[in-house]
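See structure below.
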Amino acid sequence: MAARKKLTIALAGNPNSGKTTTFNNITGTRQKVGNWPGVTVEKKEGHVRFGDYDLTVVDLPGTYSLTTFSIEEIVARNFILENRPDVVVDIIDSSNLDRSLYLATQLRELDAKVLFVLNMADLAKDKGIVIDEEKLSSLLEVPVISTVGNRNEGTAELLKNIIQVAETGQGPRAERRVRYSRDIEDGVAVVRDLLQAVEDKDFPYNPRWTAIKLIEDDEVVRDMAVKALGDKAGPILEETARQRERISNLFDDEPEILMTEQRYGFIAGIVREVVKRSSIKRVDVSRNIDLLLTNRILGFPIFFFFIWAMFQLTFTLGAYPQAWIEHGVELLSLGMTRILPSGMIQDLVVNGIIAGVGSVLVFLPNILILFFCIALFEDTGYMARAAFLMDKVMHLVGLHGKSFIPMLMGFGCNVPAIMAARTLENEKDRILTILINPFMSCSARLPVYVLLAGAFFAEKAGTVIFSIYLLGIVLAIVMGRIFRNTLLKGSVAPFVMELPPYRAPMIKSLMIHMWDRSKMFLKKMGGVILVGSIIVWALSTFPNDPQLARQYEIKRQQMEKTFAVRKPDASRQAVKVREMEKDKALAALEIEYTAAAKENSYLGRIGRFFGPVFAPVGIDWKGGVALFTGFVAKEIVISTLGVLHATKDDTDQGLADAMKKSGMTPLSAFSMMAFILLYVPCIATVSAIKQETNSWKWTAFSIGYSTTLAWVVAFIIYQGGQLLGFA
Amino acid sequence: MLLSEMKEGQEGVIAKVGGAGAFRRRLLEMGFLKGASLFVEKYAPLKDPLEVTLNGCHVSLRVEEAAHIVMEDA
């Protein structure tokens, strides 16, 4: 039997051209979402069998052009150049032919095997635009077919054509390419000839294309040429510079601008030939919807209502399945406690693995719902409107309008919030949003504030907690501005953004979106969190001091004995009381032992070792240890404090009293709250940062700068407060 | 007249697109070409950014960015 033939297909197209819908139609649910290597751009890959072929379909990022304007464009271009897909399918938005053809002409220049897909012909018709498919195909010498992605029309036809192009298609003939004005063509020819002259060592890129890009001063292509040609590149680059100068002097403008204009000139000629505009008076439904949704007065209230609804759905509705999962985890750990013999293994499974992974698993419902809502916003086209409304506010922080949703979601949980930063197209915006997102105080930190503020500020607790939230927002703004002007400086991304027509969402696409992102969360985080939980468990369990255990065992036996011997003639009532006293005393001893064991563990030692670091900010070693364990999940700070302070009753009140006794003051409590707000976020958030930035460097930076900032701010609060005479 | 000075509902033709290299090129690539007609759809509730219609599609840009586009009467 003949082996199945493998083909690689790349999908290119403008944002909002229906590229993703086409991708979903071709590949169904068999897709893999990840990142392009080294960058935070989402990469989607899918597989499909068609006839005798195995097709790998790669969804390139949506771009308007193939220059080096954004990381997305570089990624898309490099894929075509380096991986040489068998066919590049360019999805063309029929209702916006000029701009779609701009990308198309660039794909043609790249010398890739191209197939054009006229998508959304129905929308174009509504706009009164009719495109002569055959004429377009013959003018550009590229096969052209029509689809309506939203209705999954023409998908089989598309696959058939892809295979045909792969098997038969040859590169387009030279005369069907964009021709620039004579002076530019002369310059291109000079550079091209130089490139061809050194082609003995197999220059891997099309020489004409390379020459065009060099004349356009494309830094990525320049680097590629230097890499491929070595010291032979020098004279070519010098000649390129001369040609650039000649052209600039002739036209009083940069060559790349002239060439962009001339490409559009070429396109205008094609559009004139193939487009018939009928005189149908078109009703712009989107425009009417926008009269309401971006209305000067109603726009904001409606926006806030949507956001509120999303927040409610995510965290209120999500609380129910969350409770079920929590319950399930509890049952599981109970079951495991029964099945496994008590001892180290049981402790590892129950308190290490199940507790640790369970603490992250509970976020799954939130993430599913949130991503459903975000997919809904994106697929309908509302996300662009949200950015339109909020841009002014977010721009003050140096952010894009679209950053608003991740920032707001951070108040619920930073994990889905950081994942929501994917909606930002620009990499710098995305990293900045991720870096300052943890300062949006998540709901897991609230119980810790409630405990501390409740214990030390009594009736002013509400105000104090509010001030902590405010501190987070202010610092996010300050740090955002600082990063914008230092680390993440560079080409400022213009806001120029399309407001796509509103579209009815497709359930299938919503589901795929929601599931893809959640799957990624479960898979990738599961690993990191599992390891992290085990490490924290080990640190708090070892070294297992047998002497300490023996000491307590002896104490326990003594206690049992004292309770056992006395009063053989006591009444039943007295025995009962006695029993209760015994249980209470044993429980107290148990707590005392746990506290002593924790104190003796590596974690306790680390806490005491770092005692001098925490002292200047008013946190004692117990607080320090609690902060360390807070890395697993912020709520754990409370339970660790409870263990270390060996409180007898489980209520917050007992712990509050114990902390007061230990010498904590309102000032040190406030300092600790600020520290908790700012220092390294929980392990789930850290792994989300790692996943989304796709870089250990940014992850380490995020951990380092936030913890440093936490210490500095807490130091200012504590020392400053003392100077001002607060206790 | 600059695009940033135009009022809601006003129409005009692009006379010149200025600004620094990459930004200017991006505007051109999005279809902000000399001679293209443009309609100011609306300003956002906070007066920035603004929405324009160009070749039948809706595009938003910031006021500071619109200040790089010189317009003339339709």
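For all residues, glycine too, the Cβ spot is worked out from N, Cα and C.
Curation does not apply to TrEMBL; its annotations are automatic.
These features come from TrEMBL:
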- A:13-20, A:38-42, A:59-62, A:119-122: GTP binding site (BINDING)
- A:N24, A:T27, A:G28: Mg(2+) binding site (BINDING)
- A:6-168: domain 'FeoB-type G' (DOMAIN)
- A:291-311: transmembrane segment (TRANSMEM)
- A:353-377: transmembrane segment (TRANSMEM)
- A:397-419: transmembrane segment (TRANSMEM)
- A:464-483: transmembrane segment (TRANSMEM)
- A:521-540: transmembrane segment (TRANSMEM)
- A:667-686: transmembrane segment (TRANSMEM)
- A:698-718: transmembrane segment (TRANSMEM)
(request) Sort the binding-site residues A:N24, A:T27, A:G28 by C-alpha distance from A:M120 (GTP binding site) and give me just the closest. (result) A:N24
(request) Based on Cα distances to A:T27 (Mg(2+) binding site), point out the closest of the binding-site residues A:K19, A:E42, A:P61. (result) A:K19
(request) In three-state terms from DSSP, label A:P61 (GTP binding site) for me. (result) coil
(request) Could you check the binding-site residues A:G13, A:G28, A:P61 and say which one's CB has the fewest neighbouring CB atoms inside 10 Å? (result) A:G28
(request) Could you pull the average pLDDT for the domain 'FeoB-type G' (A:6-168)? (result) 86
(message) Which sequence-distant residues neighbour the transmembrane segment (A:698-718)? Criterion: at least 6 residues beyond either end, Cβ under 8 Å.
(response) 431, 434-435, 438-439, 471, 475, 479, 613, 616-619, 667-668, 670-672, 674-675, 677-681, 686, 689-690
(request) Kindly say whether the transmembrane segment (A:291-311) and the transmembrane segment (A:397-419) touch, using the definition of 3 or more Cβ pairs under 8 Å where each pair is 6 or more positions apart. (result) yes
(request) Name the secondary structure element type, per DSSP in three states, that contains A:E42 (GTP binding site). (result) strand
(request) List the Cα distance (Å, whole number) between A:G13 (GTP binding site) and A:G28 (Mg(2+) binding site). (result) 19
(message) My understanding is the cutoff is Cβ-Cβ under 8 Å with a sequence separation of 6 or more in the same chain; which residues meet that for A:N24 (Mg(2+) binding site)?
(response) A:Q31, A:K508, A:S509, A:I512
(request) Determine which residues of the same chain, besides A:N24, A:T27, A:G28, have their CB within 8 A of the center of the CB atoms at the recorded Mg(2+) site, and list them by sequence. (result) A:F23, A:N25, A:I26, A:T29, A:R30, A:Q31, A:G46, A:V48, A:I512
(request) Taking only the Cα atoms, work out how far A:N16 (GTP binding site) lies from A:G28 (Mg(2+) binding site), in Å, as a whole number. (result) 19
(request) Would you kindly list the residues that approach the transmembrane segment (A:353-377) from elsewhere in its chain, counting only those six or more residues past its ends and only Cβ-Cβ distances under 8 Å? (result) 306, 310, 313-315, 317-318, 320-322, 325-326, 329, 332-333, 336, 383, 386, 405, 409, 412-413, 415-416, 419-420, 423, 505, 509-510, 513-514, 517-518, 521-522, 525-526, 529-530, 532-534, 536-537, 632-633, 636, 683-684
(message) If you compare CA-to-CA distances from A:G28 (Mg(2+) binding site) to each of the binding-site residues A:K19, A:E42, A:P61, which comes out shortest?
(response) A:K19
(request) Using Cβ-Cβ distances, find the residues under 8 Å from A:K19 (GTP binding site) that belong to the same chain and are at least 6 apart in sequence, listing them in sequence order. (result) A:L11, A:A12, A:G13, A:D59, A:G62, A:I91
(request) Please report the number of other Cβ atoms within 10 Å of the Cβ of A:N16 (GTP binding site). (result) 20
(request) Tally every other Cβ atom lying within 10 Å of the Cβ atom of A:T27 (Mg(2+) binding site). (result) 22
